[in-house]
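Taking it in order: structure first as structure tokens, then the write-up.
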Amino acid sequence: MELYLDTASLEEIREIAAWGVLSGVTTNPTLVAKVFAAKGEALTEEAFAAHLRAICETVGGPVSAEVTALEAEAMVAEGRRLAAIHPQIVVKLPTTEEGLKACKRLSAEGIRVNMTLIFSANQALLAARAGASYVSPFLGRVDDISWDGGELLREIVEMIQVQDLPVKVIAASIRHPRHVTEAALLGADIATMPHAVFKQLLKHPLTDIGLKRFLEDWEKVKP
């Protein structure tokens, strides 16, 4: 299972990319807006494009960039503009009627599409049939309403395997390291997570205790 970072922060991407385990990045309008607001910079079309190019050059893998349009025609136009920014860009579309229409057209043009905001296996099936390269079920948000995000992911992965659909599953809306473990065990192709969760994957108190003990023992015997 590949590991993606769900962020628009170049600093966070550079930090995790240095570990040698980062395969891609997912962004959304909220994440991008936060980055520009924090810098006090205007979010112009040129600045946004430059920021996406910098992300692509840093990660070296797929970078999902989401449209803000709600109607298919506008989604297609915006998707083309996003895809033209860099070859690594994957156009992110909402799983709606208009999103499906746009997905069909963009994928027919050879533009990769990540269908997002998926909360059912049927939505994933529709997205795959519309030509999506990726489908993104939201584990955490499903858990939030007392449903089972893991069960949703299991259904989608199994359905795609049974139907032999050429689409990758991105486990999204990941809230904690257990979601990552669950996604890997259930057969997700990719898990995308916030920077904080990525850092938590590496942390374990016994690792810190063990390292401290090794160093203390070494200090006792070294020349």
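Here the Cβ of each residue, glycine as well, is placed from N, Cα and C on the backbone.
Feature annotations, courtesy of Swiss-Prot:
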ACT_SITE  LYS92  active site, schiff-base intermediate with substrate
* **Assigned conformation of LYS92 (active site, schiff-base intermediate with substrate) - DSSP reduced to three states** => strand
* May I ask which residues of the same chain, at least 6 positions away in sequence, place their Cβ under 8 angstroms from the Cβ of LYS92 (active site, schiff-base intermediate with substrate)? => THR26, THR27, ASN28, SER64, ALA65, GLU66, VAL67, VAL113, ASN114, MET115, THR116, SER136
